[in-house]
Amino acid sequence: MKKGRVSQVLGPVVDVRFEDGHLPEIYNAIKISQPAASENEVGIDLTLEVALHLGDDTVRTIAMASTDGVQRGMEAVDTGAPISVPVGDVTLGRVFNVLGENIDLNEPVPADAKKDPIHRQAPSFDQLSTEVEILETGIKVVDLLAPYIKGGKIGLFGGAGVGKTVLIQELINNIAQEHGGISVFAGVGERTREGNDLFYEMSDSGVINKTAMVFGQMNEPPGARMRVALTGLTMAEHFRDVQGQDVLFFIDNIFRFTQAGSEVSALLGRMPSAVGYQPTLATEMGQLQERITSTNVGSVTSIQAIYVPADDYTDPAPATTFAHLDATTNLERKLTEMGIYPAVDPLASTSRALAPEIVGEEHYAVAREVQSTLQRYKELQDIIAILGMDELGEEDKLVVHRARRIQFFLSQNFHVAEQFTGQKGSYVPVKETVQGFKEILAGKYDHLPEDAFRLVGRIEEVVEKAKEMGVEV
C-alpha cells in the first residue's frame, strides 16, 4: 500500500504528501488511523477522499469526518480504491453513514458483505429502457394529476409540517406492499432529530424491513454531506442492476447536496460562480441525477425533497435541479388547514407523464377536466367571499358544487397513519381512481353530501359513508 504523511490540515481539508511519486488517484480513499494513547483520549480513524493533485507529490483531500486530533506528520495510507459501501439485502432495515458503517444499535454488517464503490458511471445508452411506464402509487391525487414515471425523478416541495415525511412513508409502504419493492432513504444534511424520528416511525409502521437508510447529518463535515447521496444511490443501484428491482430512492434534501458541494469547492480554492455556488454545480448534479434511471433490468425512481432558498425559484441550486425533474408534487399548507390529506396542491403539481400517449385518452381527459373544474372554483372563490354563493349563476354554482366534492375526494387515509387516525388506510388502483372522478364529473353523485367524499378511498366507500350518514342513495 502507498503511504504518505499529513503535510497540512485546513479544517475539513487535509493535504497528504506521498513519497517516490506514488500518488493515489482522484476519488481514492485514504485512511488515517491512530489508537488512543490513554483511556482519556479518543483514537483517530479518519477516511479522506482525494480531490486534487497539487504537484510536488502532494494531494489535497476532503475529510469524511471531523479532523480533530489530526497533526502534521501523521501516517496516511492509500487504500487504492474509492470509498466502498455494503450493498444487497444486508442493508435492509439498517442505518448507515457515508462510509457504509452502520450507525444503528445492531450488530455491525458482516465483514464479508459485498461492497460497491460510490463513484460509478451512469448506465450507457444501450442499457437504458426506452419504455415509459407509470409507477402506480395508490395515492389518488398523485396517480390522477401528477403521475410518477418508473425511473423518473420527482421533486417534493413543501414547508415544515405539511406532510412530506408522511407522504414519503406512505410511498415506501405502498411500493413495499403492492409491488414488493425496496426503498433507500438518503438524509442529506438532515436534522439528526428528523432522521431519528423517521427511523422509529418507520419501525412502528412496519416498513423498515424493506428500507435501507443512509444519513449525513447537518453537524457533519461538508465532505460527508456531499457524498452521502452517492452512498444511498450505490445501494439503490445494486437492487436495480443485480436483483432487477423497481427501487424508490428518497433524497432529503437535495439542496443540502448542492450546499455541501459549494462548501467543498470553496475549501479547495475554486473560483465561485453565480450567487457564490461552485463552478461545477451542473456537473455534480448531472453526475448524481444521470445514475437515477430505468434500465432493461429494473428502475431507480427518485423522490427528492427540495428546499428553495428564500422562495427564489431562479436560485442556481433549485434551478439546476428542476432541469432533471419529470414531475413535481407540491404540498400546500392551506389544504392541511382544511383537513385535506395528503395536502397535495392539484393545480401546482405537474408531470410530463400526464399525456394521452402515456396514460391513455380517458385518464388524460378526466385529469384535465378535474383541473379545469378546480381552476374555475379557485377563480370564483373571491366572488363567493365578497358576494356569497347566491350571486353565482346556475352553471357556476354547479362548478363549485362538484369542485368541492372533487377536492375532498382527492384526500384519503394513509396506512402509515392508521395508529394516529384510527382509520384504515386505502390503496386505490389508477383505473378505479379515474372511474371515480369520471362519475363525479358526470354528476352521478351530486346528491350526496360533501362530507361523504372526505378521507375515503374508492368511490364505493363514498356511497357507503353517505348511507351511514342517513342519506338516501
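Keep in mind that glycine also has a Cβ here, set from the backbone N, Cα and C atoms.
Counted within 10 Å of its Cβ, the other Cβ atoms near Gly163 (ATP binding site) come to 21, all protein chains included. Under the heading ATP binding site, Swiss-Prot lists Gly158, Gly159, Ala160, Gly161, Val162, Gly163, Lys164, Thr165.
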Give the residue from the binding-site residues Gly158, Gly161 that has the most other Cβ atoms within 10 Å of its Cβ, counting over every protein chain displayed.
Gly158
For Thr165 (ATP binding site), which of the three DSSP-derived states applies: helix, strand, or coil?
helix
Tally every other Cβ atom lying within 10 Å of the Cβ atom of Thr165 (ATP binding site).
18
Additional residues surrounding ATP, by Cβ distance to the Gly158, Gly159, Ala160, Gly161, Val162, Gly163, Lys164, Thr165 centre under 8 Å:
Leu331
Only counting partners 6 or more residues apart, tell me which same-chain residues put their Cβ under 8 Å from the Cβ of Lys164 (ATP binding site).
Leu156, Gly158, Asp252, Ala305, Leu331
